[in-house]
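For reference, TrEMBL has these:
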ACT_SITE  CYS7  active site, nucleophile
ACT_SITE  ARG13  active site, nucleophile
ACT_SITE  ASP124  active site, proton donor
DOMAIN    1-150  domain 'Phosphotyrosine protein phosphatase I'
Amino acid sequence: MRIVTVCLGNICRSPTAQAAIEEALAEEGLDARVEVDSAGTSRYHEGEPPDSRMRRAAQEAGLHLHGKGRKVTREDLEHADLVLAMDRANLRDLQRMAPEDAQERIRLFREFDPQAPADAEVPDPYFGGPQGFEEVVELARRAARGVVAHVRGELEAA
């Protein structure tokens, strides 16, 4: 199974979501069965590591962010079992890029957060203070648990 998390620049929200999902998969013993990657809808930060403020907030919470910014590709959308957008703008961009048969696999990440309404977004912390980055970590961890519950169900049904 393959999951791709997607935000605008792939330096804050999507790498944090990726790390949170990887952490939750490892806790459930599913990490060997699921590949998780992240990407952005833009090339603004292509080749750059995750934002230092995001890395700091994640590290303080025990999450390790890795990878470099990259733009999501049509191949990502064709081959992923689940594409998780951080906000509605990302969702619209992904839906425009994706082939028809991939549309149902594109979802908002926070749909999987049991404490959030189905259309909830992960707010972009880029232009804010430290609390915004800490909030992203908290929201990512909550939604990641829901993603892993969904993944477990999919793997058991296969």
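Note that Cβ sites are derived from N, Cα and C of the backbone, with glycine treated the same way.
Bear in mind that TrEMBL entries carry predicted annotations, made automatically and left uncurated.
The structure displayed is predicted, hence computed values, not measured ones.
Taking the features listed in TrEMBL, we show where each one sits on the structure.
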{"residue": "CYS7", "record": "active site, nucleophile", "DSSP (3 states)": "strand"}
{"residue": "ARG13", "record": "active site, nucleophile", "DSSP (3 states)": "helix"}
{"residue": "ASP124", "record": "active site, proton donor", "DSSP (3 states)": "coil"}
Cβ packing number for CYS7 (active site, nucleophile), 10 Å threshold: 30
List of residues, in chain order, with Cβ under 8 A from that of ASP124 (active site, proton donor) and at least 6 apart: CYS7, LEU8, CYS12, ARG13, MET86, ASP87
Helix-strand-coil residue split for the domain 'Phosphotyrosine protein phosphatase I' (1-150), DSSP-based: 71 helix, 20 strand, 59 coil
Model confidence over the domain 'Phosphotyrosine protein phosphatase I' (1-150) (mean pLDDT, whole number): 98
Local Cβ density at ARG13 (active site, nucleophile) - other Cβ atoms counted within 10 Å: 33
